[in-house]
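So the structure is just underneath, and the comments pick up after that.
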Amino acid sequence: MSSPSGVEDSKEDEKDEESNRLLPLPSSAQSQSQSLRSEEDSDEVAFEAREKILIVDVEEPDSIDAVDYVPPFSWRKLWLFTGPGFLMSIAFLDPGNLEGDLQAGAIAGYSLLWLLMWATLMGLLIQMLSARVGVATGRHLAELCRDEYSNWARYVLWFMAEVALIGADIQEVIGSAIAIQILSNGILPLWAGVLITASDCFMFLFLENYGVRKLEGVFAVLIATMALSFAWMFGDTKPSGKELLKGILIPRLGSKTIRQAVGVVGCVIMPHNVFLHSALVLSRKIDPQKKARVQEALTYYSIESSVALFVTFMINLFVTTVFAKGFYGTPQANSIGLVNAGQYLEEKYGGGLFPILYIWGIGLLAAGQSSTITGTYAGQFIMGGFLNLRLKKWMRALITRGFAIIPTIIVAIIFNTSEASLDILNEWLNVLQSMQIPFALIPLLTLVAKEQIMGVFKIGPVLERLAWTVAVLVILINGYLLIDFLKSEVKGLLFGFLIGSGAVAYVSFIIYLVFRCGTSPSNGLSLELSERIT
């Protein structure tokens, strides 16, 4: 039998608990809580909580609550995770890549198909590491760079990322404009095609209002359009199956095809795409505090990215082999480019029920439109992540699109006079993007190997060495392209001095990035991520 005093004590405890629950916090605790909330609200995020896709579990409730329990493979879950990898893969199919494919086929024939395959695998490795950073930390690469580097360094990184994005966007918009010119029978000039392509910004804003899945569905249609168009061309031209297999299985590289080989590898790593993929994976609602959920997400994203890049490899293969069959060893091989490719195809294969010229134009338009929209997407994440800007999405999209469209219109008006001038422009843009590759790869590879950032999901030493080998190889190949281009273009002592001074500053900043990431990150980031390690 309980004593009266014991009953009174229990009643007093209940009253205390009730009062603690109902009464407000002390002013100091309340102000601290409000400051934490305001700090969270002030931070830029890739996706709001309401925008994220919920990953539905079909397992037993007890299994769901287990921290280390990784559910078995589920096709339904794979479908829910499918999307970010296909958006990322569009950078492998932009008009700049297609031009590299057709020139590789026309000049080198089937001999560089093995390099196309291995370059795609290298790109897959880098993009999987980008996704790993996003899933394991719950933040994308631009956000992590904002906390990891000093103010001046992150502003330089942001500027370099924007320059790379503008360079890629000019190529993509020009590619779309060329496709519009083809499909309009030359009625619409290049600058008009640029203005039409610029309107994709508004289409992007319209689609984004309907949710991430609707946007991913549109990109799936555009990728399917490319696949169908270029597969149709492949079926029409009937390239040699024997030469195709030899090109994939037997490595060959001649002195006359080095430039095309450099182009094939150099087009694989797009700086803005590295930032983009780390943000796209945040569109799924994953708790980075639960190791099993992170591991499950990484598994599904790896499968999805592999399938997406296999599709891009096949599309690039179709384009390369079509032009290898039609133009390898011909007088047109050395002069073919994105501008005149449709004309050469029409002269070679004629019309028919579905003229190959228009099939090429449809595929090129799908490539240009999809890549410009993903460029707008990437620009939002880059600007928001590095600068922590809390802007409305429509405002960020307009600013991002304006950065690219204004110089593109100027370029279209100036370079609309001849095919040769557009080819020269394309070479300059390739060099511009090649210069920016270290400023995406070095932060990615240093951060993904740091325990303070990644916790238990940091990459191991073997994978780290492999990733650095790939990165150094890509940087050296693009460095070769840069040096080869400058040797032919740089003339005059003053211009040479300016280029030399810029090269010293460029190399110095790369060295800074490598050694800076050897130090510990900011205190706030370390505190947040140390909880995940424990």
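Note that Cβ sites are derived from N, Cα and C of the backbone, with glycine treated the same way.
TrEMBL annotations: computationally assigned, not manually curated.
As annotated by TrEMBL, compositional bias 'Low complexity' applies to 21-36. Annotation source TrEMBL lists region 'Disordered' at 1-44. According to TrEMBL, the transmembrane segment annotation covers 113-135, 155-180, 186-206, 218-235, 261-282, 303-324, 357-378, 398-416, 428-450, 462-483, 495-515.
The transmembrane segment (303-324) and the transmembrane segment (495-515) are not in contact, since fewer than 3 Cβ pairs between them lie under 8 Å (pairs 6 or more apart in sequence). Between the transmembrane segment (357-378) and the transmembrane segment (462-483) there are fewer than 3 Cβ pairs closer than 8 Å, counting only pairs 6 or more residues apart in sequence, which means the two stretches are not in contact. 261-282 is the stretch from 186-206, 261-282, 462-483, 495-515 with the greatest number of Cβ pairs below 8 Å to the transmembrane segment (113-135). Distant neighbours of the transmembrane segment (462-483): 122, 125-126, 129, 259, 262-263, 265-266, 268-269, 430-431, 434-435, 437-438, 441-442, 445, 448-449; these residues of the same chain sit at least 6 beyond its ends, with a Cβ under 8 Å from one of its Cβ atoms.
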